[in-house]
Amino acid sequence: MTNIRKMHPLAKIINNSLIDLPAPSNISAWWNFGSLLAVCLALQILTGLFLAMHYTSDTTTAFSSVTHICRDVNYGWIIRYMHANGASMFFICLYMHVGRGLYYGSYTLMETWNIGIILLFTIMATAFMGYVLPWGQMSFWGATVITNLLSAVPYIGTNLVEWIWGGFSVDKATLTRFFAFHFILPFVASALVMVHLLFLHETGSNNPSGVSSDSDKIPFHPYYTIKDILGALLLILILMLLVMFSPDLLGDPDNYTPANPLSTPPHIKPEWYFLFAYAILRSIPNKLGGVLALLLSILTLAVIPLLHTSKQRGMMFRPISQFLFWLLVADLLTLTWIGGQPVEHPFIAIGQLASILYFTILLILMPIAGIIENYILKW
């Protein structure tokens with residue numbers, strides 16, 4: 001058996017990635033989120049596949065088909081709610097995973113980090129298009145507002161929007177193509193995950209101390225496989241509690257009203273996991289400026305490795321940077337709250353301040369903190 005595991009071309013890849021992989025002996029629960037994301041992706045693809053068997057991507061029947069899934073299909077309701085709330089769990093794990101990378105300086109593994117950013121964009125695009133599919137009020141108006149942002153692109157903006165819509169408004173063509181993209185992108189994400197892991201295994205994992213762990217490695221199996229299984233069970237427990245007891249907790253009541261192009265909802269907002277970016281978008285009065293800020297809110301992650309000034313890798317022994325990191329977390333929570341509020345005083349001012357603070361912490365204060373900490377340690 002050992003020979004097959006180590007000799008067979010396919011089994012060897014799996015063995016070197018999940019069984020005999022040398023892993024640092026001190027990685028904490030913050031390193032669990034990678035495997036949890038894999039569980040989320042598998043769960044989303046599986047539940048999504050079963051939903052696609054019963055869903056119709058036509059404006060006249062899309063809303064009814066989702067209702068049909070919930071009412072008439074055997075266990076359709078549980079599949080639908082696992083898929084909807086699974087997306088929320090996915091983003092919780094994603095943000096924790098990125099946060100871990102920021103805190104412990106995992107962004108120094110440049111290739112892995114950059115593929116991770118592309119993955120983040122892919123999954124955000126997938127989630128946005130998935131939100132359009134039930135064809136409720138918030139689906140329709142969310143699609144209209146977000147796709148309309150592309151009209152801010154100089155010269156080609158209007159043509160670009162109409163090209164994406166497949167017409168002069170969000171309609172049947174838009175829904176059909178969004179369904180097609182929503183179906184294919186998770187598989188693109190799966191391929192990117194493989195590349196992500198490929199680059200990670202080239203260098204080996206980071207660890208909480210930030211120093212090389214080459215002198216102290218342990219096999220991934222059984223030490224971290226058992227830890228990952230525990231994490232996955234906890235994830236599924238939380239997901240199922242959400243699905244069984246409060247499936248609509250994170251959704252929008254407006255999406256239970258069929259899409260109506262003649263009636264605009266009083267407050268158009270995306271799902272909770274996009275609210276921080278939506279708040280940054282809204283905090284700039286200029287359309288093009290808002291769109292650029294929206295893109296930069298995620299793209300800023302790409303320049304983080306270039307702005308690393310500290311001689312230490314992680315923030316474990318850097319109190320000033322730690323303070324700034326948790327200030328950033330609080331700022332993102334504030335932005336998430338603001339994104340769900342109406343555009344009126346005092347929310348506009350709070351959103352603008354929080355947006356400025358977000359970019360200031362990441363691009364200015366954190367590099368300065370690194371320099372100060374080096375100086376304090378006489379480095």
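Placement of Cβ uses the backbone N, Cα and C atoms for every residue, glycine included.
Here Swiss-Prot flags 33-53, 77-98, 113-133, 178-198, 226-246, 288-308, 320-340, 347-367 as transmembrane segment, drawing on similarity to another entry. Under the heading heme b b562 binding site, Swiss-Prot lists His83, His182, citing similarity to another entry as support. For His97, His196, the entry in Swiss-Prot reads heme b b566 binding site. The ubiquinone binding site feature in Swiss-Prot is assigned to His201.
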Original post:
Relative to the Cβ of His97 (heme b b566 binding site), which residues of the same chain, six or more apart in sequence, are found under 8 Å away?
Top reply: Phe33, Gly34, Leu37
Original post:
Could you give the Cα-Cα distance between His196 (heme b b566 binding site) and His83 (heme b b562 binding site), in whole Å?
Top reply: 24
Original post:
Short question: which residues 6 or more past the ends of the transmembrane segment (178-198) have a Cβ under 8 Å from it?
Top reply: 17, 37-38, 41, 44-45, 48, 52, 55, 57, 112, 115-116, 118-119, 122-123, 125-126, 129-130, 132-133, 143
Original post:
What's the CA-CA gap between the residue listed as 'ubiquinone binding site' and His83 (heme b b562 binding site) in angstrom, rounded?
Top reply: 30
Original post:
Ranking 113-133, 226-246, 320-340, 347-367 by Cβ pairs under 8 Å to the transmembrane segment (33-53), which is first?
Top reply: 226-246
Subject >> Same-chain residues near the transmembrane segment (113-133), Cβ under 8 Å, at least 6 residues beyond its ends >> reply: 55, 57, 62, 66, 87, 90-91, 94, 98, 101, 106-107, 139-140, 142-143, 146, 174-175, 178-179, 181-182, 185-186, 188-189, 192-193, 195-196, 199, 270-271, 273-274, 298-299, 301-302, 304-305
Subject >> Sequence-remote partners of the transmembrane segment (226-246) [C-beta within less than 8 Å, at least six residues beyond its ends] >> reply: 29, 32, 35-36, 39-40, 43, 78, 81-82, 85-86, 88-89, 93
Original post:
How many neighbouring Cβ atoms, not counting its own, are there within 10 Å of the Cβ of the residue listed as 'ubiquinone binding site'?
Top reply: 14
**OP:** For His182 (heme b b562 binding site), just give me the three-state DSSP call.
**Re:** helix
Original post:
So for His83 (heme b b562 binding site), how many other CB atoms are inside 10 Å of its CB?
Top reply: 21
**OP:** For His182 (heme b b562 binding site), write down the residues of its own chain that are at least 6 apart in sequence and whose Cβ falls under 8 Å from its Cβ; none is a fine answer.
**Re:** Gly48, Thr126, Met129, Gly130, Leu133
